[in-house]
């Protein structure tokens, strides 16, 4: 089965939980952007968090995550929606370091800690919610945990992980978000905290073949996990040749003529998916005529 996420409740509705397997989704991002291992881990963690946060939205609502920690990777930008679709990129995909002291990919060094995590939710009808917090670790799981507590006032635990093969392909990726509802009993909190200390890294559990449902059983085993919804997850970009053409038309006929005179063609790439669109001279002439009608 491919990538998917689950939404669930546990401990008689005191706890809301999300878990996702994103191995193929992160692999598609790696393939498109040709990211090196540390950059793959950083982008993959952000994509995984983004797709789970997207699952908290409704209808046509969308969400954008921007992570700018001042590190060599530059900015990470992720878009997601309520349908399990996510896309994203890093400014500098060719970043890699030796493993850190814990034997893991050094995401914190790549991302940096001197910056911000920003979340913008487009709730429709020009209604936007923006939350912003300083990065506290650069490892991203801790940073999203802090975001939920500080910006949305929801006590949460976020775990995201990516394992990368020696040939730069993605071996495993996934994550979880556990959130405490108002009035959660102290003994429930204690049991979850103890469980979180005992579990292996989430990427290792995914590598071992655990499903999102089984992840939640590991995290909330005695809490009576009740799955509410299962949703496929994938890397999907909304760019298209038509959208790029519209962007060229919006430049106006003079600007398009300038491109024809100087270049004789136009080429545009989408930041999010790295797809390249080519327009030859004849096509530019057509777009110029359309621009005159605007």
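Cβ from N, Cα, C; glycine included.
Per Swiss-Prot, these features apply:
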type	residues	note
DISULFID	237-239	disulfide bond
DISULFID	270-273	disulfide bond
Integer Å value for the Cα distance linking residue 239 (disulfide bond) with residue 270 (disulfide bond) is 7
Round to a whole number and give the Cα-to-Cα distance in Å for the pair residue 273 (disulfide bond) and residue 237 (disulfide bond). 6
Other CB atoms, at most 10 A from the CB of residue 270 (disulfide bond): 18
Sorry to bug you, but what's the C-alpha spacing from residue 237 (disulfide bond) to residue 270 (disulfide bond), rounded to the closest Å? 9
Nonlocal neighbours by CB distance (under 8 Å) for residue 237 (disulfide bond), same chain, sequence gap 6 or more: 87, 270, 272, 273, 275
